[in-house]
Amino acid sequence: MDTNFKLSNCIGTVYRDGQVAFSKDGYSVISPIGNKLSIFDLRNNTSKTLDIDCNYNIKRLSISPSGYHLLASDERGVVHFVHLLSEFKIYTFRSNKPIGSLQWSPDATRVAICRENDLQIHEFGKSIENKVYNPFSLSRTYKLSSDSLKTIDWSDDANLLVSGGEDRVVRVVGAKDFKNLFIHPLASHKGYIVNCQFMKNSYDMITVCKRGLANVWTCNLRPGELVEGIWKKDEEGSDDIEMLEDGEQKVEKIFFEKTKKYWLSESSGSGKSVDVTAARFHKETNILATAFNNGVIVLHEIPSFALVHNLRVSEMRIQTVAWNLTGDWLAIGCGKGSTAQLVVWEWQSESYVMKQQAHSLRITTAEYSPDGSLMATGAEDGKVKIWNSRSSFCTVTFDEHTSGVTAVKWTQSGRAILSASLDGTVRAHDLKRYRNFRTLVCPEPTQLATLAVDKAGDLVIAGAKEVFNIYIWSFETGHLLDILSGHESAISSIDIHGNHIVSGSWDRTIKMWTIVDSQAETVEVSHEALDVKFSPAGDEIAVLTSDGVITFFEAKEMINLGSIDTKLDTDPARGSRDTITRQSAAKTKTFTRIRFSPDGNLLLAGGESNNFCLYSVPERMILKKWQITANRSLDGVILDFNRRNFTEFGNMQLVDTSDEEDELEPNNKMSIKLPGTKNFDLGERRARPEVNIYEVTYCPTGRRFAICSTEGVSVYSLDTISMFDPFQLDSQTNAEVIKRAVWNNDYSTAIMASLRLNNAQYITECLESTSISQIPLVASSLPLMYAERLLKWMVEGNVMSSTRHVHFYMIWLRAILQHHGMQLKGRADVATLTGIQQIVAHHQQHITKLANQNKFALNWLVKIRQSKKSVKKEEEEEEDVSDESDDEDIEDESAGSDDEDSDDSVEIIE
C-alpha cells in the first residue's frame with residue numbers, strides 16, 4: 001500500500017501576487033501562488049507546482065542566465081535558492097529586511113538585492129566557511145536612500161547597476177571600485193521609480209516613474225572605458241578629467257544627459273489620471289511595455305517612443321509584466337488574491353497564448369470525472385469551472401447560477417456535469433456543446449447543500465439546507481419524482497449506491513432510504529453527522545460526526561463495525577482573532593469531510609484544520625498526516641500566536657502600527673474581519689484568511705487526490721518523479737551496460753537494466769531503439785515484474801503523453817498486453833491499467849481532432865476545386881455559345897452581302 005503522496009499541482013489558482021518571470025527558453029511562465037511556485041509550460045500545455053516550503057508569500061523572482069537556478073524572496077525578506085532541474089530548494093538566507101527587487105548579474109557570478117533602503121551585492125559560489133555550504137557571500141553594500149528601493153538592473157558587462165525607489169531618484173553605482181564613479185544620482189521624475197534599465201551593450205538608460213514620465217539618459221562612457229580604482233571627489237573648479245602626476249589625462253568621470261522625455265500616460269486612454277504600476281524594457285527589440293492601474297498596457301519603441309500597440313487586458317490593476325527571451329510574448333499578472341488572473345499575450349499577432357483566471361471567491365467543492373482526465377470545481381462566486389487534470393488549465397466556465405455552488409457531480413459517462421447551488425436549482429451542463437441543457441427546480445424556494453447522482457445517470461438527488469427534505473428528480477425528463485422527509489435538522493450529506501440512499505443530518509441521525517418504496521431505516525449517532533459516504537463496493541458506510549469520530553456501519557443491516565477517533569489528529573491552530581486558549585478553541589474544530597479511495601482500503605479526512613490525514617479502513621488506524629501549507633501569511637498555520645504580541649490591549653497583530661503610506665498599494669491598511677463573518681476579500685494584501693479544508697476527493701485511478709482549501713485545490717499524486725529512484729539496483733547495472741546491450745541488439749537486457757536504474761532517458765532510448773519487427777519478441781521475453789514496471793513507468797512519466805511516436809508506443813502497449821494481459825489482470829494495480837486507458841484516450845482525442853480538421857480541410861479544398869471547375873466550365877460554355885453566335889452573325893452578314901451583290905448585278909444587266 002503506497003502512501004507516498006506528494007504535492008504535484010495546484011488547480012484553481014494561477015496567480016496571487018508578486019512578480020512573474022519567463023524561463024530561459026522563453027516557453028514557460030513561473031508564477032507565484034502564495035508560498036509556492038507554479039510553472040506553466042506553454043509549449044507542451046502542462047503545468048506543475050513547486051512546493052519549496054516558504055514561510056510567507058513569494059513576492060520577487062529572478063532566474064539565472066543559465067536558466068538552472070531561481071531566486072525567490074518572500075514578504076519577510078527571506079531568499080530561497082532553488083534548482084529548477086531537480087525542483088529542489090538548495091539554500092535559504094535571510095536579508096532581515098523586506099526586499100524590493102533582486103536580480104542575477106549577466107555573468108551569473110553575483111546577485112544584487114534591494115534590501116529596503118540599501119543595495120547589497122552578493123558573490124555566488126565563493127564562500128564555504130567552517131565546512132558549511134554557503135553559496136552567497138556579501139561583497140559590498142550601498143546605502144542609497146532613506147526610502148525603499150523598488151527596482152534594479154545590471155549593465156550587460158556586469159560593471160554598473162542602476163536602482164530607483166520611492167524617493168524619485170535614480171542612482172547608478174559600480175559593481176566594483178571604479179575611478180569613474182561612486183554613486184551617481186539622477187533626479188528628474190515626478191513619482192516613484194517603477195522601472196529603470198540599461199540598454200543593450202551600452203550604459204544608456206531608460207527610467208519610468210509612477211506618474212507616467214519616461215526619460216532616456218545617454219552616458220558619456222562606453223563599455224570598456226571604466227577604470228578600476230578608488231574614486232576621488234573632484235575639487236571645486238576642477239575638470240571632470242582626473243590628471244595623473246605626470247600630467248597625462250587618464251580617467252573621465254561618468255555623467256548622464258537626458259536626451260528624451262515622454263509622458264506614457266497619454267497613450268493609456270485616460271490621460272494623466274492613471275498611474276503606471278509596472279514597466280519592462282526588452283533590450284533586444286528596444287520595446288518598452290508599460291502597464292497602468294486601469295488594466296491598460298501599451299508598447300512603445302525606444303528611443304523614439306512611437307506607439308506600437310495599445311491593449312486593455314483587464315478591468316483590474318496590472319501588477320507585473322515580463323518579456324520572454326525573444327520579445328514575442330508578454331506575461332501579465334492582473335489583480336490580487338483570488339481575483340487575480342494570468343495572461344500571456346503575443347503582441348505581433350495580437351492573440352492570447354494563455355489567459356487563465358481562478359474563482360473570485362473560495363472553492364467549496366471539487367470532483368474528478370469518471371476517467372480522471374477532468375476536474376470540476378464550484379465556488380461561492382456561483383461559477384463552475386472545468387479543469388484539465390493533465391495540464392491544469394481551465395477549459396470552460398459555467399456561470400448560470402445566481403448564488404454559491406455547494407456541490408458538483410459527474411454523470412457516469414462523463415459527458416455532463418451537475419451542480420447544486422444556494423439559489424435552489426440543480427443545473428446540468430453538456431461538455432460537448434458547453435451549454436446548460438437542463439435545470440432542476442425545487443417545488444418551494446430553498447437552498448440546496450448536497451448532491452448525488454446514481455451510476456446509471458437516471459436519478460439526481462439533492463438535499464435541502466432549510467426545509468430538511470431530500471428531492472429526487474429524473475435526469476432524463478427533469479420531473480420531480482419524490483420528496484423524502486424525516487430529518488429534523490439540516491441535512492449535511494447524502495450518498496447513493498444502487499437502490500439505497502444514505503443521508504446524514506445535524507439531528508444526530510443517519511437514514512438509509514430505499515428508492516423503490518421511499519422507506520427509511522434510522523440509526524442514531526452520538527453527535528451531529530457532518531459527512532456520510534458509501535464505500536466503492538457499497539458494503540460499508542462511513543459516518544463522520546462533530547466529535548471527530550468516524551464510525552463504520554455494515555450497509556445491509558446497519559451494524560456497527562468499528563470507529564476511528566480523529567480528534568487528536570486534527571491538531572487545529574489558534575486563530576489570531578481567538579480570545580480563548582488553543583485547547584478551548586480545538587474543542588470546537590474537527591474534520592468535516594471524508595472520502596474513500598477507489599479500492600475502499602483508504603479513507604481521506606480533512607476539515608477545520610491545516611492538517612489532513614489518510615486512514616486505513618481495515619486496520620482502523622492513521623497511515624499518514626500532511627500539512628496543507630506552511631504559509632504564515634495565512635491565519636491558522638502557527639499552532640499558537642506569539643505571546644510577545646499579546647498585550648493588555650489585545651493581539652497587536654490585529655493593529656496596524658506601521659506608518660507606511662505606499663501609493664502603489666491602495667487600501668494598504670490592516671483588514672480586520674468583522675464579528676460573525678466568515679468571508680471577506682481574500683485579495684486584501686494585509687488580510688490573513690484562515691486555513692480550512694472544504695472538500696476532499698479521490699481520483700478514480702487511486703493515484704491522486706485533491707484537497708479544496710483556502711489556497712485553492714491542491715493535487716497530491718504518487719506519480720511525482722524524483723531525480724533518482726532505482727528499482728532492484730545492483731553494482732553491475734550502469735549506463736555502460738545499457739549502451740553495450742543496445743549496441744549488441746539485446747534489447748530486453750537493456751530495457752531491464754534501464755528499469756532498474758529508473759532513468760527516463762535510458763528507458764526511452766532503449767524502447768525507441770527497438771525495431772518494430774522485434775517489439776513482440778522483446779515484450780514476450782520481459783519477465784512479468786519488469787513488464788508491470790514498464791507499464792507503471794509509462795503511466796507515471798511524461799514520455800507517453802508528450803511523445804510524437806504515438807503509433808510506435810501503441811505497438812509496445814499492444815505487445816505487452818497481448819503477452820502479459822492475463823497475468824496482469826489479476827496482478828497489476830488497477831490504477832496502472834486505468835492510467836494506460838487515460839493515455840490512450842488522450843491520444844485518441846488529439847488524433848481524432850487532428851483527423852477531423854484534416855478531413856474538413858480536404859473537403860473544403862475539394863469543394864473549392866469543384867466550384868472552380870464548374871465556374872470554368874460555365875465560362876467555357878458561355879465562350880462556346882458566344883463563338884457560335886458570332887459564327888451565325890458572320891454567316892448572316894455574308895448571306896446579306898451576297899444578296900446585295902446579286903441585286904446590283906441585276907441592275908447592271910438591266
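Residue numbers in this text run from 1 along the chain shown.
Backbone N, Cα and C define each Cβ position, glycine as well.
Taken from Swiss-Prot, the feature repeat 'WD 1' applies to 12-50. Taken from Swiss-Prot, the feature repeat 'WD 2' covers 53-92. The repeat 'WD 3' annotation in Swiss-Prot covers 94-134. According to Swiss-Prot, the feature repeat 'WD 4' maps to 144-183. Residues annotated as repeat 'WD 5' in Swiss-Prot: 188-227. Taken from Swiss-Prot, the feature repeat 'WD 8' covers 358-397. According to Swiss-Prot, the feature repeat 'WD 9' maps to 400-439. The repeat 'WD 10' feature in Swiss-Prot is assigned to 443-485. Per Swiss-Prot, the feature repeat 'WD 11' maps to 486-523. The repeat 'WD 12' annotation in Swiss-Prot covers 525-563. The annotation repeat 'WD 13' is assigned in Swiss-Prot to 586-625. The repeat 'WD 14' feature in Swiss-Prot is assigned to 688-728. Under the heading region 'Disordered', Swiss-Prot lists 867-910. Positions annotated as compositional bias 'Acidic residues' by Swiss-Prot: 875-910.
Taking every recorded stretch in 12-50, 144-183, 525-563 and counting its Cβ pairs under 8 Å to the repeat 'WD 8' (358-397), the highest total belongs to 12-50. Residues 98, 100-107, 109-110, 112-119, 121, 189-198, 200-203, 205, 207, 209, 221, 223-232, 242, 251-254, 256, 283, 662 of the same chain lie 6 or more positions beyond the ends of the repeat 'WD 4' (144-183) yet place their CB under 8 Å from a CB of it. In terms of DSSP secondary structure, the repeat 'WD 4' (144-183) contains 0 helix, 19 strand, 21 coil. For the repeat 'WD 2' (53-92), residue counts in helix, strand and coil come to 0 helix, 23 strand, 17 coil, using DSSP. The average pLDDT computed over the repeat 'WD 12' (525-563) stands at 92.
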